[in-house]
Amino acid sequence: MPAQLSVNLNAVAMLRNRRDLPWPSVTGLGRIALQNGAHGLTVHPRPDQRHIRFSDLPGIRALIDDEFPHAEFNIEGYPTDEFLELVEANEPEQVTLVPDDPSQATSDHGWDFQGKGNFLRAVVQRLKKNGARVSLFCDPDASRASLEAAGATGADRVEFYTGPYGGTHDDPARAAEELEKLATAGRIAAELGLGVNAGHDLTVENLPGLARAIPGLLEVSIGHGLIADAIEHGMAETVRRFVKACA
Ligand SMILES: CC(=O)[C@@H](O)[C@H](O)COP(=O)(O)O
Ligand SMILES: NCC(=O)COP(=O)(O)O
């Protein structure tokens, strides 16, 4: 089975937030993603709401419930009380817990599963009681001991952080090294019965290599590279429409 695509809408929200106007529309772009084969929508709300706003979440929930009942809503973030309450109010099919500090520009590492095991176990239990699948953000070179600790939290899946792989776009030798790490960790996760997701800096160019390295890959969540392509591939038609409107 090919990996399912969850489109991360954070970059759409970030563009929208440049003005006090409702476009680009987070739900509108989410609808286009789901109409065209995406399996789900991802958001990563941060405490300062610099990308997705907490108030965006009910609209995405309603879009899925009303128009795409087989699609999944994936909410990612650091499990503060505020985050957990937001999740519980919006009932996502999947929650991905990420060890982000609010000052981080973006996500850049996975959990210390051994150090944070007790904390994560309690959060995973709380989320699963509410019916969500739980995935834990995980370093791409996680050891067997670390993945065992991830499994011991009760989580269903891990999401491998693919930023280091994405960063090798101009260096095939380093890309092969990063893929080898992901392949090894992916094999161990599968042996331990953990489902495997992946995300961060994935692109049309680097996805096929990742899919070959992790044959059982269940889901990829992609935002930055996908929205960059959407702008590039939509530019010609958009300029034509604006030139016509000038006439
Ligand atoms: C967990 C992860 O890698 C993504 O959620 C990433 O953090 C995207 O969010 P931003 O695009 O807001 O950085
Ligand atoms: N979980 C990773 C994600 O949602 C998207 O990350 P990126 O494609 O914006 O780097």
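Backbone N, Cα and C atoms are what each Cβ position is placed from, and that goes for glycine too.
Since this is a predicted model, take the numbers as computed values, not measurements.
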Exercise. For the 1-deoxy-D-xylulose 5-phosphate site, TrEMBL lists ARG46, HIS51; sort out which one of THR106, THR153, THR162 goes with them.
Key: THR106
Quiz item: What subset of the binding-site residues ASN8, HIS51, HIS224 lies within 10 angstroms of HIS44 (active site, proton acceptor), using C-alpha positions?
Solution: ASN8, HIS51
Practice problem: Around ligand 2, within a Cβ distance of under 6 Å, which of the recorded positions ARG19, HIS51, HIS200 show up? | Solution: HIS200
Quiz prompt | Whole-number Å value for how far GLU76 (active site, proton acceptor) lies from HIS224 (3-amino-2-oxopropyl phosphate binding site) (Cα to Cα) | solution = 15
